[in-house]
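Residues or ranges marked as topological domain 'Cytoplasmic' by Swiss-Prot: 1-106. Look at Swiss-Prot and you will find Ser17, Ser72, Ser79, Ser83 tagged as phosphoserine. Swiss-Prot lists 26-90 with the feature region 'Disordered'. According to Swiss-Prot, the compositional bias 'Low complexity' annotation covers 72-83. According to Swiss-Prot, the feature transmembrane segment maps to 107-127, an assignment based on sequence analysis. Swiss-Prot lists 128-662 with the feature topological domain 'Extracellular'. According to Swiss-Prot, the feature N-linked glycosylation site maps to Asn198, Asn267, Asn283, Asn330, Asn353, Asn394, Asn519, Asn523, Asn586.
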Amino acid sequence: MAAENEASQESALGAYSPVDYMSITSFPRLPEDEPAPAAPLRGRKDEDAFLGDPDTDPDSFLKSARLQRLPSSSSEMGSQDGSPLRETRKDPFSAAAAECSCRQDGLTVIVTACLTFATGVTVALVMQIYFGDPQIFQQGAVVTDASSCTALGMEVLSKQGSSVDAAVAAALCLGIVAPHSSGLGGGGVMLVHDIRRNESHLIDFRESAPGALREEALQRSWDTKPGLLVGVPGMVKGLHEAHQLYGRLPWSQVLAFAAAVAQDGFNVTHDLAHALAEQLPPNASDRFLDTFLPLGHPPLPGSLLRRPDLAEVLDILGTSGPAAFYNGGNLTLEMVAEAQHAGGVITEEDFSNYSALTEKPVCGVYRGHLVLSPPPPHTGPALISALNILEGFNLTSLVSREQALHWVAETLKIALALASRLGDPVYDSTITESMDDMLSKVEAANFRGHISDSQAAPAPLLPVYELDGAPTAAQVLVMGPDDFIVAMVSSLNRPFGSGLLTPSGILLNSQMLDFSWPNRTANHSAPSLENSVQPGKRPLSFLLPTVVRPAEGLCGTYLALGANGAARGLSGLTQVLLNVLTLNRNLSDSLARGRLHPDLQSNLLQVDSEFTEEEIEFLEARGHHVEKVDVLSWVHGSRRTNTFIIGVKDPRSPDAAGATIL
């Protein structure tokens, strides 16, 4: 009995012991959906207002923790076995009682000392949380299409730049290192998500049609007058807008990072070497050839190429901002003159009227996650529609991969047909209605009901309009220590855009090819009225930077994804999301697995080189006409599970790189 009483006394006191008290004042560990090392988020001075919120204030949490552990009444204390309280049986004024009273005073001193010690430890812990140095290095990841640009993004993060600072520098770097895919003379779209505030913004800097552009001119001369294909570039305005909203380092410093790459030179990537050897613009000027083929022949991968002309442009933009690009200065005049000399109609007024748009992304819930993607004129709604349709199928590890591929192929036929009906909503109000239908779970169920489990549809379920998006695009994905997620995709449309190079070294885009007009393609696809040519309008786009977050709360999986390949990129993103969110595969495996794409114009189901003969035979037995190609698209990704972050490139890309801060 004495041993039991002693144990009971230890148990009762243990509730107030210093070690246990320290444990209850620690912040709760977030649940993880995959193994990951703990890495608490670092507090920032500019987040003080956010930390003052009752749901996130450490002081409030500590107070609530104490209140939960303190006994609610004296009777509760008295109910503890081995309590020091006893019934008084002697005269309290007697000598014996006085001796007992002295013993009780001693116990009070011990308990008081323990509580005082615990309080001191708690205060020290709180001071360490607020004022101490971080005990664990912050994590982050950067993924781009070129290893040198990934390294540049990491350098910006290491110098206390924000996630957007890193993305801007990396995107400008890609305009130097991958000029066939992106550049100052192009445009794009950036999606930014703030994890702590659970806020998302999309910055749309898609090119717009010149005010004097007419459909008739494109019909007659688009293939002989490359200047007609040039839209008003949005790259500089868009990146500057993103920096104004989320930048931490000075604008000039961010641009100086990229200018150094142009000035010092870079190693020619495999993809650029291939583009210069196989995809040289037919109208390449002497200036173009002198810039990219300085030795008179395509450079080999790894050879050094310098762009001092672009370094000078970036220095000007760093000092003067976007005004030097858009407000009638030398850069503006050069771009206008170059396009007009090649038959274009773009003017200085078109440049001065251009603005980047800041808006909300479209979103849909899929398997407990919120999927965020760009709204029209981008095809984010079609991506979410594909996920909504697939959500109703029994896609588990128990279902054969071949059966799942059949469902995916039939679903993508519907999603791509829906995408062909989108365009710029500013010029057509019906596009908003179409978008709402694409985001509807009810509509998705209706479409799902038309998909056979055993047979490919002999004809498209919906009318299909012309689909011919930009085949090349550059990707930047950043998850920084500041708890921001950035996904960005930019493009010039065709390799090297229009092929027109200004004296300052700016390649001009060919984005007007993304509009639809009669007899635009060799197969004479029906033109889309929603995507017809109009002055100031932005064409249909398959640039789809995509962010995924938990549908409820802040704990769980976050993703940043991007893709190139136009419509094939939408197909690739759908399948990667399916692999990660439905089949619970890790990101590396999800990106590496074989992907398919239904080409609606040719009625061929294209599959990449990762497909086995057995899978192809299964699809053909279901009525699909299969065509095997080497690569359909590159899909890069970054994943965060609570505080564990990883950046992963598509293994199909020979030059891309993902880097992670450990």
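Heads up, the Cβ atoms here are built off N, Cα and C, so glycines get one too.
Feature map: Swiss-Prot annotations on the structure.
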{"residue": "Asn198", "record": "N-linked glycosylation site", "DSSP class": "coil"}
{"residue": "Asn267", "record": "N-linked glycosylation site", "DSSP class": "strand"}
{"residue": "Asn283", "record": "N-linked glycosylation site", "DSSP class": "coil"}
{"residue": "Asn330", "record": "N-linked glycosylation site", "DSSP class": "helix"}
{"residue": "Asn353", "record": "N-linked glycosylation site", "DSSP class": "helix"}
{"residue": "Asn394", "record": "N-linked glycosylation site", "DSSP class": "coil"}
{"residue": "Asn519", "record": "N-linked glycosylation site", "DSSP class": "coil"}
{"residue": "Asn586", "record": "N-linked glycosylation site", "DSSP class": "coil"}
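Cβ-based crowding with a 10 Å cutoff singles out Asn283 as the top-ranked of the glycosylation sites Asn198, Asn283, Asn330. Each residue contributes its Cα atom, and for Asn283 (N-linked glycosylation site) and Asn519 (N-linked glycosylation site) those atoms are 23 Å apart. The Cα atom of Asn586 (N-linked glycosylation site) lies nearest to that of Asn198, taking the glycosylation sites Asn198, Asn267, Asn353, Asn519 as the candidates. A separation of roughly 17 Å, to the nearest angstrom, links the Cα atoms of Asn330 (N-linked glycosylation site) and Asn353 (N-linked glycosylation site). The glycosylation sites examined here are Asn394, Asn586; by Cβ neighbour count within 10 Å, the least packed of them is Asn394.
Here the glycosylation sites are Asn267, Asn353, Asn519; the one with the fewest Cβ atoms within 10 Å of its Cβ is Asn519. Among the glycosylation sites Asn198, Asn267, Asn353, Asn519, the residue whose Cα lies closest in space to that of Asn394 (N-linked glycosylation site) is Asn198. Taking CA atoms as the reference points, Asn519 (N-linked glycosylation site) and Asn267 (N-linked glycosylation site) are 41 Å apart.
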